[in-house]
């Protein structure tokens with residue numbers, strides 16, 4: 001059976017993934033993809049402006065086409081269909097035969113037919129190419145207008161604001177998000193959006209776009225007023241791409257879209273249509289969830305399973321627009337006969353909540369939430385599952401007051417069949433089963449059920465269900481550090497700081513049991529260092545350090561250590577380089593340049609370390625903390641000092657930051673990068689903390705990672721001056737130190753942070769937990785009490801004498817043997833070593 | 001086995017071993033790890049980690065896992081029972097234990 005899929009967007013790709021699972025014998029699948037790239041995540045398109053790349057947004061797993069055997073044709077548009085011959089002709093004139101044809105052509109942005117809509121610097125918001133063009137235009141514009149105040153229009157306004165433009169939204173209707181939100185909700189939404197610096201113009205009908213006086217364009221409105229702007233983005237709705245159907249006399253819906261039946265078949269039963277191009281009972285669906293549903297149903301139908309039928313879709317939505325929560329459920333406007341509503345308005349906090357209940361007040365049929373959508377999950381489940389309402393449903397949206405608990409809807413109240421993730425059609429039952437099969441983190445659940453993997457709106461509910469199920473199965477949500485402490489690292493941190501605990505003995509006596517182990521000892525040592533910053537090898541603290549921290553070096557496979565002197569910002573003088581080279585030469589060490597812009601010296605025996613460091617300290621070097629779970633390096637490009645393109649002094653800032661945060665002990669290592677311009681030569685967006693110079697200051701990115709699981713850092717604040725930047729980094733690092741799990745890098749910490757980036761911004765920038773000053777003070781304490789550990793170690797006799805191979809003999813470990821390779825030493829392999837030591841070893 | 005038949009070697013002073021840590025002693029070309037738990041309890045095992053052939057066990061962190069008093073090898077963190085030498089993760093990588101005693105200020109070890 002030859003199957004042709006026309007269109008490789010989100011829904012098209014979902015169809016392929018489903019089809020691959022069915023493994024239909026003899027199926028030959030060809031995909032015609034009009035765009036220059038394969039399917040990507042259009043739901044999160046705006047993240048392209050906050051640092052995500054086209055690759056990040058891709059939905060296609062590496063090797064997908066090779067594995068599935070599906071043939072992909074990029075930049076290949078289906079130009080015509082011949083239903084009688086059952087062929088598709090591409091725009092290049094190639095004709096392909098099909099037995100079954102699936103149309104997933106999506107939709108196109110509607111541009112109002114106003115005069116001048118096709119002028120330069122007028123855009124639509126649909127593809128990555130559109131965004132690239134907008135970005136380029138944004139760089140040379142001061143002012144931008146979005147035409148359309150709907151869901152997508154507001155996303156687009158955020159993008160323009162992120163580009164640093166004075167942003168305006170022009171809406172034809174009298175309120176924003178007219179479809180999802182009522183008048184009162186629209187008013188609150190407008191106030192919130194305007195407070196964020198976006199200008200909103202409602203009830204404006206654009207009649208013409210002409211040359212402007214103060215900017216490129218002038219938009220003239222029907223009421224005689226006008227607005228000038230440098231660029232315009234049209235986001236006034238979408239229209240189904242049904243032209244292939246119209247050309248071939250396939251039935252179309254009353255308001256456009258290719259008409260389909262419950263099996264997603266068009267009026268020609270060999271042709272299916274799915275996603276935004278399809279019309280089911282004259283209705284089209286501009287959300288991804290119904291499209292995914294159609295993709296599943298079509299794949300099953302092609303596999304001979306006719307039981308799956310499309311039965312419409314819930315169009316409820318919850319989203320965050322520029323940090324403002326907006327949600328709409330079911331009959332948001334109360335159009336159902338006899339329905340009544342409850343409303344709650346808080347004009348101080350700018351919150352609006354409304355629920356619409358059935359005539360008998362037994363069922364929830366709709367809701368609108370603006371400014372705070374915490375109840376969305378509960379309300380949606382009440383509406384979708386027809387769960388009987390409490391007798392006083394108003395308490396569902398009223399703020400909790402003393403003595404009156406909010407009637408929440410615990411996971412237990414939901415039936416197993418309740419659909420939790422509508423994007424990927426995952427039920428409560430499936431989540432519980434996956435938990436039973438061992439998925440006990442939100443990341444694992446996402447991977448195996450796909451719940452929460454698309455829009456992410458259901459993640460809080462999925463988390464609740466997961467935790468409830470774990471408790472039910474006796475898998476007690478155990479985040480205890482180890483058998484000695486029934487606390488998480490975060491709890492232990494709190495106990496240590498609040499209790500002023502400074503020794504492990506005291507900690508164990510007050511909060512633990514047993515003797516401790518190789519998990520809790522270094523964790524406690526790290527927390528002591530973060531809180532009190534005493535010398536790590538002082539007294540009892542020394543016995544808590546693992547080998548790396550005890551010998552202040554990185555242990556290697558042969559028991560020798562590597563030595564890394566700090567070179568802040570990767571800057572080193574010729575004298576410094578010569579001194580490092582001289583030390584390496586004197587002690588016969590292997591030298592290698594690290595990824596963090598410094599030099600690593602390998603092959604030092606324990607007893608050599610103090611002498612090596614004495615020489616390095618004399619040459620002006622300090623410990624590089626390469627052995628610690630602490631700040632490693634601040635990588636930088638040469639910046640404006642040397643580079644033709646640099647816009648600020650990245651090296652200077654890198655040196656300053658490295659000197660500020662050196663020695664800070666944390667749950668895991670921390671890496672920084674500072675780039676002097678957007679070319680990003682320091683790869684700052686792959687670091688825990690990344691800083692990029694802009695014309696107006698510094699952009700701060702956080703929680704990036706390279707290594708095993710690369711993650712792009714996310715923009716948390718733009719155009720900061722240096723003082724603001726340092727204050728924000730202080731808060732970020734200390735908040736991470738306080739709350740992360742043991743050995744959790746900032747990227748994983750961020751992925752597991754409930755509330756995500758918005759929460760992090762609220763805590764760090766808006767100071768929602770009123771922690772800012774405390775975090776800054778704690779960081780200042782660490783900065784003020786910094787000492788070079790190696791300097792202290794070599795000058796403290798009782799510490800220095802611990803650097804010995806044998807307690808009773810000054811000779812070195814004869815088992816450490818090196819051979820030469822490419823002009824330097826390397827550890828001998830076992831057979832080489834046995835040969836070399838055969839004479840000296842007698843036991 | 002009585003003390004008379006054992007060959008005791010004085011390796012260091014009690015104060016040479018920081019409580020909660022270990023040191024390595026060279027006895028007849030043999031590498032021995034000696035650990036000090038608290039102020040007055042000592043254990044000795046081979047210093048060479050059988051999994052890697054590297055002489056490092058004295059540099060591991062000590063503590064307990066359930067009933068076992070253990071040291072964790074600094075290379076791959078496998079645990080050795082200080083009283084029996086058994087490697088908890090892989091019994092085939094177990095090590096020998098040795099006798100330790102303190103006489104006055106001296107730490108003495110007898111190879112087994």
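Using N, Cα and C of the backbone, Cβ positions are placed for all residues, glycine too.
Curation does not apply to TrEMBL; its annotations are automatic.
Neighbour density for residue A:643 ([4Fe-4S] cluster binding site): within 10 A of its CB lie 15 other CB atoms from the protein chains shown. For A:637, A:643, A:677, A:681, the entry in TrEMBL reads [4Fe-4S] cluster binding site.
Positions annotated as siroheme binding site by TrEMBL: A:681. When Cβ atoms from all protein chains are considered, those within 10 Å of residue A:681 ([4Fe-4S] cluster binding site) total 18, not counting its own. Reduced to three states, the DSSP call for residue A:681 ([4Fe-4S] cluster binding site) is coil.
Summarised as a single figure, the pLDDT of the domain 'FAD/NAD(P)-binding' (A:1-283) averages 92. Feature annotation from TrEMBL assigns domain 'FAD/NAD(P)-binding' to A:1-283.
Positions annotated as domain 'NADH-rubredoxin oxidoreductase C-terminal' by TrEMBL: A:316-381.
Sequence annotations record features per position, and here TrEMBL assigns domain 'BFD-like [2Fe-2S]-binding' to A:420-467.
Annotation comment: TrEMBL describes A:556-618 as domain 'Nitrite/Sulfite reductase ferredoxin-like'.
Residues or ranges marked as domain 'Nitrite/sulphite reductase 4Fe-4S' in TrEMBL: A:628-749.
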Stretch of maximal Cβ-Cβ contact with the domain 'NADH-rubredoxin oxidoreductase C-terminal' (A:316-381) [cut-off: under 8 Å; candidates A:420-467, A:556-618, A:628-749]
A:420-467
Given the recorded [4Fe-4S] cluster site (A:637, A:643, A:677, A:681), which additional residues of the same chain have their Cβ within 8 Å of the Cβ centre, ordered by sequence?
A:638, A:639, A:645, A:646, A:650, A:675, A:676, A:679, A:680, A:682
Within a 10 Å radius of its Cβ, which of these binding-site residues (A:637, A:677) has the fewest neighbouring Cβ atoms?
A:677
Which of A:1-283, A:556-618, A:628-749 shares the most C-beta pairs under 8 angstroms with the domain 'BFD-like [2Fe-2S]-binding' (A:420-467)?
A:1-283
Helix, strand and coil residues within the domain 'NADH-rubredoxin oxidoreductase C-terminal' (A:316-381) as assigned by DSSP:
6 helix, 33 strand, 27 coil
